[in-house]
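Peer 1: My questions will all concern the structure given below.
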Amino acid sequence: MAFRWLSFLLLALPVLALPQTSSKEAQSFGCSTPANIPFNDDKLPDPFLFNDGTPVRSLTDWSCRRQQLASLIQGYEAGTLPPKPPIVTSTFSQNGLTGNLTVTAGFPGNTTTFSSPVTFPNGTVPTEGWPLLIAYSGLSIPIPDGIAVLTYDNSAIGEQNDQTSRGVGQFFDVYGHNATASAMSAWVWGVSRIIDVLEVTPAAHVNTAKIAVTGCSRDGKGALMAGAFEERIALTIPQESGSGGDTCWRLSKFEQDSGDVVQQATEIVQENVWFSTNFDNFVFNISVLPYDHHSLAGLIAPRPMISYENTDFEWLSPLSGFGCMTAAHPIWEAMGVPDNHGFVQVGNHSHCEFPSDLNPTLFAFFDKFLLGKEANTTIFETNEVFNGTVWNPSQWINWTTPTLSH
């Protein structure tokens, strides 16, 4: 198997030390976060430019830029993610190694209640509580000892059967069936409410500073979205998320135009309700998006993320996944934590099956970021099976990577 390691891949992405002075830091009127801006570029947009074209030079700058990107992603494709509602309560029970967390959230006279089973490790509870993995629709990856698992019924929060699922689910029972939020945004809302109540439920013995999220396929898209928009998530693990996940819209279109049979934006909006209805207005003109999913993943930085893709399934957009995460990696690099971002792309297994020979890569991220152990997380690899389509970084990335000052 031929692996291409990150040290080779990012030669086209030089790191530039930029001046300490930042005009954005001097602005007293705050951070402008419009939901849409004039834009047109076939290349992957520079995540290190503010909406007005000035450069991001510091971590303080990035905090504003992150807000801008989050607003744009909601404005174009995700719909509005509402803040914590005034009512968020819970009950928790446990019998042996099995617990149940019930969350009630909403407004006076209009709440919804959902429950999640929790499986706890055997052994003595750590002083700060167990690390927790939130698994969309159930667990599809192996986990090391010492991590609790909460099974999240995200489809109850935002239904995802087909286009008839628009506005259906417990989130929409609270916010209205015409709410702009996509199903994936609704899922993020549910994850946030789970974390809200765990923070004030000591009986659950969960370390809320060590919460991870994962999911596969459509749920992998959701896990990535949760990691991007919920900053209390300590580790994000999308598995085979494909189009609308850790791939980029522009690159998937390129694959399709090159003769590969992949899922691109024009098709995905007809399949389900993972994106807002507003996204329909842009899927035939992707170049007007002032971001792509390298920037969606970049919202997670500097928090850790590792994603997995499967080249046996062409429709997952293998070149797009690799290229998109190659373009995302400089965001962690600019913050001085490149080993907080990993990517693994192999084949020879079924969709959502996790090959055991990949366990060391996954466990390294669990060990380092949830269990507090020493581990090497410099992991970025592909088998380069792109079905004849050629990845050329200079075709898509015409920006350089700054070193963001503190």
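Every residue gets a Cβ built from N, Cα and C, even glycine.
Not measured: the values here are computed from a predicted model.
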Peer 1: Can you tell which of C324, C352 Swiss-Prot lists as bonded to C248 through a disulfide?
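Peer 2: Swiss-Prot says the disulfide from C248 goes to C324.
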Peer 1: Which one of W130, W187, W315, W332 goes with K221, Q263, E271 at the substrate site, as Swiss-Prot has it?
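Peer 2: It is W315, as the record lists it for that site.
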Peer 1: If you follow Swiss-Prot, the disulfide involving C64 connects it to which of the following: C31, C216?
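Peer 2: Between C64 and one of C31, C216, Swiss-Prot records a disulfide, namely with C31.
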Peer 1: Looking at the recorded positions S217, C248, Q263, which has the shortest Cα distance to N398 (N-linked glycosylation site)?
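Peer 2: Answer for the nearest of the recorded positions: C248.
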Peer 1: Would you kindly give the Cα-Cα distance separating C352 (disulfide bond) and N122 (N-linked glycosylation site), rounded to the nearest Å?
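Peer 2: N122 (N-linked glycosylation site) to C352 (disulfide bond), Cα-Cα distance: 27 Å.
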Peer 1: Let's see if you can do this one: DSSP helix, strand and coil counts over the motif 'GXSYXG catalytic site motif' (215-220), in that order.
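Peer 2: Helix (H, G, I), strand (E, B), coil: 3 helix, 2 strand, 1 coil.
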Peer 1: Quick one: of the binding-site residues K221, Q263, E271, which has its CA closest to the CA of N285 (N-linked glycosylation site)?
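Peer 2: Nearest candidate: Q263.
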Peer 1: Going by DSSP, give the three-state secondary structure for N110 (N-linked glycosylation site).
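Peer 2: It is in a strand.
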Peer 1: Other residues near the substrate site, CB within 8 A of the CB centroid of K221, Q263, E271, W315?
Peer 2: R218, G242, S243, G244, E267, I268, L316
Peer 1: Within a 10 Å radius around the Cβ, which one of these recorded positions has the most neighbouring Cβ atoms: S217, N285, N348, N376?
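Peer 2: That would be S217, with the most Cβ atoms nearby.
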